[in-house]
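Structure first, then comments.
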Amino acid sequence: MGARVIDGRPIAGELKKRVASEVEGLAARGVRPGLATVLVGEDYAARAYERRVGGLAAELGCRYVCERLPREAEEADVLAVVGKLNADPRVSGILVLRPLPGHISEPAVFSALDPLKDIEAVHPVNAGLLALGRPRYVPSTPAACFYLLDRYLERSGRPPEEFYPRSTVVVVGRSNNVGKPAVSLGFARGAAVISCDANAYRAGRLREHTLKADALIVAAGVAGLIDESYVREGVIAVDVGINPVADPGGSGRTLLVGDLDFGSVARKAEALTPVPGGVGPITDVWLLKNTVAAGRGLASQAKARCLLRGSHAHSSLI
């Protein structure tokens with residue numbers, strides 16, 4: 001029996017219905033969440049992601065704006081855009097699309113975000129809360145990985161709360177937006193977690209680590225990095241890679257492939273995710289889920305401030 005292919009699209013569809021219901025509930029209270037993206041330059045993957053989330057925001061009834069800057073923009077220009085979005089009451093969530101050009105400091109830009117609008121938890125405060133197990137927002141891609149894993153486990157008759165404490169989760173890649181948060185989420189579920197990156201590969205030890213995985217999350221950004229020699233029989237493999245490559249058939253088209261050598265890994269895996277159509281659709285919806293949560297929180301804060309001002313005005317008349 002071959003490996004099962006975990007299609008993320010129906011899982012994303014179920015999640016989207018829940019998010020749409022939340023948007024409707026907020027609309028009944030006069031609240032409309034708003035997502036803003038900041039795109040610097042013309043990176044292929046970033047532009048594709050911006051188009052997807054913009055379309056999804058419109059579909060769900062959220063406000064959406066993309067602030068586009070040329071690759072030559074100065075860091076001060078990006079910080080000015082972030083400051084403008086921080087102050088805009090119509091914007092509840094801000095996503096700075098990566099990669100940023102090399103002359104712009106990611107830490108400086110991320111630190112400038114309003115933590116309440118930082119829906120990818122890249123601000124130091126939000127990253128710290130996530131590491132402590134008390135996240136304000138869970139970043140969309142690692143959240144999507146575990147949401148997909150949880151749904152797959154449930155549907156195959158294994159409660160996640162029983163699976164993880166008995167299992168080893170291996171995360172390949174240590175990026176701030178995927179690898180490191182995925183490690184935190186694995187620990188939060190009680191799993192033994194192994195984190196490895198390019199250093200393990202250069203030292204010739206990557207295979208040693210990945211062969212221990214009951215669940216393998218690969219977010220290295222290297223097309224076809226993991227083949228069947230890197231995985232044990234029965235692994236559940238989640239591919240986060242989105243690598244644009246030229247069509248080997250010579251059509252001139254650009255194709256997206258993952259970090260798994262899909263056909264090879266499928267010979268040994270219990271289940272694995274495709275690229276595209278695996279983690280990606282869930283990631284998109286989760287970003288809007290965080291945007292809606294941010295909108296709800298900001299609306300509650302605004303209401304509390306109004307009540308407080310009313311209380312002060314009343315007391316001044318007594």
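Glycine residues also receive a Cβ, built from the backbone N, Cα and C atoms like all the rest.
According to Swiss-Prot, the NADP(+) binding site annotation covers Gly173, Arg174, Ser175, Ile242. Residues within less than 8 Å, Cβ to Cβ, of Arg174 (NADP(+) binding site) and separated from it by at least 6 positions along the same chain comprise Lys180, Ser195, Cys196, Asp197.
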Maximum Cα-Cα separation (Å), residues Gly173, Arg174, Ser175, Ile242 listed as binding NADP(+): 16
Residues near Ser175 (NADP(+) binding site) in space but at least six apart in sequence (CB under 8 A): Ala219
